[in-house]
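Participant: Just lifted these from TrEMBL, have a look:
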- 65-452: domain 'Ammonium transporter AmtB-like' (DOMAIN)
- 1-57: region 'Disordered' (REGION)
- 474-495: region 'Disordered' (REGION)
- 65-85: transmembrane segment (TRANSMEM)
- 97-120: transmembrane segment (TRANSMEM)
- 153-173: transmembrane segment (TRANSMEM)
- 185-206: transmembrane segment (TRANSMEM)
- 226-245: transmembrane segment (TRANSMEM)
- 257-274: transmembrane segment (TRANSMEM)
- 286-307: transmembrane segment (TRANSMEM)
- 314-334: transmembrane segment (TRANSMEM)
- 340-360: transmembrane segment (TRANSMEM)
- 372-392: transmembrane segment (TRANSMEM)
- 404-422: transmembrane segment (TRANSMEM)
Amino acid sequence: MRSPPRNTPDAIVTAVKHPSALTETPLRQPRGHTAHSTTAHRPPARTGSRGRRREETDVNGADTAFVLISAALVMLMTPALAFFYGGMVRVKSVLNMLMMSFVSLGVVSVLWVLYGYALAFGDDTGAGLLGDFAHLGFKGITPETLTGGKEGIPVFAFALFQLMFAVITPALMSGALADRVKFSAWTLFITLWVSVVYFPVAHWVWQADGWLFKLKVIDFAGGTAVHINAGIGALAAVLVVGKRAGFGKDPMRPHSLPLVVLGAGLLWFGWFGFNAGSALAANGTAANMAMNTQVATGAAMLGWLAYERIRHGAFTTLGAASGAVAGLVAITPSGAAVDAFGAILIGLVAGALCSWAVSWKFRLGYDDSLDVVGVHLVGGVAGTLLVGLLATDGGGLVQLGRQAVGAFSVMAYSFTVSWLLAKLVDRTIGFRATEDEETGGVDQAYHAETAYDFSAVGAPAAARASAVTSTPVMSRKAGKAGTTNSTTTDKKVDA
């Protein structure tokens, strides 16, 4: 049996998602690499135009199956996110919220084949900023083309897995803009955003010549490229679009907490593929990452609930679901570099910190509808920085400095470019829905549908019309029948 790699920061850097190998020349082995490292943890050959094809017998069947299954799990996370977000909005916006996530599967999949894979994982064009155009349209890649190492997985398996990360990242942003943007404008925005924000940042972080990769920033599965990137990009878009009508005045409560919990549970399930699959091999690193994903998520749920109980006097279902997602976010960059106790600490810190952070929008006056900033930006930064201190071998101030450079450089680039793109969309086709569309509901305005057919219950027509646009009854405060929880439900996720 092959031994798993040493759990050092340098070894972890080599373990993250690498570009696919198409030539014979391997990259140099960084410190921490050992002869016992598994294929997935050996830096592959540089991506180039001289495609090398191997016999099918060289394919590592177990690793290939593992990566393909992981890709399917990550794909599931996008509709799971749609359920999670859909339950948190009002009845009149449910379908629009589902569609804002779901459309990413169509848009990004096409862009990935056309140029996304090439820009993210092609040979570096210089300075570690962007891939070249050698593999536009998957040119030079065949079913027999494998990643580097003595054994490999098909490049198409690797590319499919990476595609699912590109799909979910803009979908994460959608929750910040719930209730108030044009669907066509959103589709245009994510087309531009993945092209000039996500693809370059993925290259920085995960391609072997990317500047953050060479700096040895630890981001095993997407703390910077996915969560910080989406969180800060969402904040930039929110500042351009503005607040919802009635924000801070009218009740905007989740319409279906069961739907929220269903979405959170499916996200938790899919996140095992998201995190463990990033090892690109069925090995000990993947197992360690899976275990740390579980314990960090559980700890974050408890941390959120404890903070919520102290501050608001109740343990809410919404808090449990939100805390779990915060833990999933925080362990994403760090889970392969820490032990189980480190994962628990990261989860507890992230749960309490994110629970506090969701209230920032009321103090600072920005309308992040479903707390993308509070959960994904804050959770992503926390997980990215904490790994610098908690890495089991090699953590310390030097690694913390590297992590800070990675986190804040992505924040600066993503915020600036996201704001410019949102402004461009707003100035050209208009980003925001009209006042009438927002008041009547974006489901009817843009999709000509409603999520629920209230006529089935036999209510009078007037009551049915009222039910479609009314605000659901607020959750009751635990232990006090007939008393509404005006602090927790209103302020945690203002949907």
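Cβ coordinates come from backbone N, Cα and C, glycine included.
Any TrEMBL annotation is an automated prediction that lacks curation.
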Participant: Residue list, the transmembrane segment (340-360) vs rest of chain: Cβ under 8 Å, 6 or more residues beyond ends.
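Facilitator: Non-local partners: 291-293, 295-308, 311, 319, 322-323, 326-327, 329-331, 334, 371, 373-375, 378-379, 382-383, 386-387, 390-392, 491-493.
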Participant: Would you say the transmembrane segment (286-307) and the transmembrane segment (153-173) are in contact under the rule of three or more C-beta pairs closer than 8 Å, pairs 6 or more apart in sequence?
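Facilitator: Since fewer than 3 Cβ pairs under 8 Å link them, the transmembrane segment (153-173) and the transmembrane segment (286-307) do not come into contact.
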Participant: Using a Cβ cut-off under 8 Å, which residues of the same chain at least 6 positions beyond either end of the transmembrane segment (314-334) come close to it?
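Facilitator: Same-chain contacts beyond the ends: 84, 88, 218-224, 226-227, 254, 257, 260-261, 263-264, 267-268, 271, 274-275, 292-293, 296-305, 308, 342-343, 346-347, 349-351, 354-355, 358, 371, 375-376, 379-380, 382-384, 386-387, 390-391, 475, 477-478, 485, 488-489, 492-493.
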Participant: Given a Cβ distance threshold of under 8 angstroms, which distant residues of the chain, six or more beyond its ends, lie next to the transmembrane segment (372-392)?
Facilitator: 7-9, 12, 172-173, 175-176, 218-219, 223-224, 226-228, 230-232, 234-235, 238, 322, 325-327, 329-334, 337-339, 342, 345-346, 349-350, 353-354, 357-361, 366, 399-404, 406-407, 411
Participant: May I ask whether the transmembrane segment (226-245) has at least three C-beta pairs under 8 Å with the transmembrane segment (257-274), counting pairs 6 or more apart in sequence?
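Facilitator: As far as Cβ distances go (cut-off 8 Å, pairs 6 or more apart), the transmembrane segment (257-274) and the transmembrane segment (226-245) do not touch.
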Participant: The transmembrane segment (404-422): which same-chain residues, six or more beyond its ends, come within Cβ distance under 8 Å?
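Facilitator: Result: 189, 192-193, 196-197, 200-201, 204-205, 212, 215, 217, 219, 223-225, 228-229, 232-237, 239-241, 377, 380-381, 384-385, 388, 431.
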Participant: Average the pLDDT scores across the domain 'Ammonium transporter AmtB-like' (65-452) and report the rounded value.
Facilitator: 96
